[in-house]
Amino acid sequence: MKAPLLLGLLLLSVTVQGKVFERCDLARTLKRLGLAGFKGVSLANWMCLAKWESDYNTKATNYNPGSRSTDYGIFQINSRYWCNDGKTPRAVNSCHIPCSDLLKDDITQAVACAKRVVSDPNGIRAWVAWRAHCENQDVSQYVRNCGV
């Protein structure tokens, strides 16, 4: 009786954790999905952003009580402006996707939405973590020895 319960709890924890990318695996994936140089933003800057926003975790979420919105996924894309989570007041959903799409292990939709975000006038500066940890920094370490 205890073994099936333990197995069930183990599987649940794996499901909730999602995929945590290895650094170079994420760098190769982002390059393949066209983020390297998109809107003038280097792959190293995207990697720095993903490191500080989610620690490369596809299932990362962060609730913002002030705006009653939530940041979702590897890029921590916000439900106020970019996706629909069904609970954020006055959500815009500029990426035209459910926020749950940003939590998938396949980050194709997250990358497409990140491209939409960075295409706005604020560009990469839309992300607080990028401004705090990546702007005007040597971000080459995030792609070092990845062959990208």
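The chain as shown is numbered from 1 upward.
Note: Cβ is positioned from N, Cα and C throughout, glycine not excepted.
In sequence order, A60, D71, I74, F75, Q76, W127, A129 are the residues near E53 (active site), counting only same-chain partners six or more apart with C-beta under 8 A. The active site annotation in Swiss-Prot covers E53 (among others) and rests on sequence analysis.
Sequence annotations record features per position, and here Swiss-Prot assigns active site to D71 (among others). Annotation note: D71 (active site) sits in a strand segment as assigned by DSSP.
What Swiss-Prot lists as disulfide bond is C24-C146 (among others). Taking the Cβ of C24 (disulfide bond) as reference, residues of its chain lying under 8 Å away and at least six apart in sequence are, in sequence order, V143, N145, C146, G147, V148.
Annotation comment: Swiss-Prot describes C48-C134 (among others) as disulfide bond, evidence class sequence analysis. Counting only same-chain residues six or more apart in sequence, the Cβ atoms lying under 8 angstroms from the Cβ of C48 (disulfide bond) belong to W130, H133, C134, Q137, V139, Y142.
Long-range neighbours of C99 (disulfide bond) (same chain, six or more residues apart, CB within less than 8 Å of its CB): T70, Y72, I77, S79, C83, N84, D85. In three-state terms derived from DSSP, C99 (disulfide bond) belongs to a helical segment. Among the features that Swiss-Prot reports, disulfide bond is placed at C83-C99 (among others).
Taken from Swiss-Prot, the feature disulfide bond covers C95-C113 (among others). In sequence order, F75, I77, W82, C83, C95, I97, D101, L102 constitute the residues six or more apart from C113 (disulfide bond) in its chain with CB-CB distances below 8 Å.
Under DSSP, residues within the domain 'C-type lysozyme' (19-148) fall into helix, strand and coil as 54 helix, 14 strand, 62 coil. The domain 'C-type lysozyme' annotation in Swiss-Prot covers 19-148 and rests on sequence analysis.
Swiss-Prot lists 1-18 with the feature signal peptide, giving similarity to another entry as the kind of evidence.
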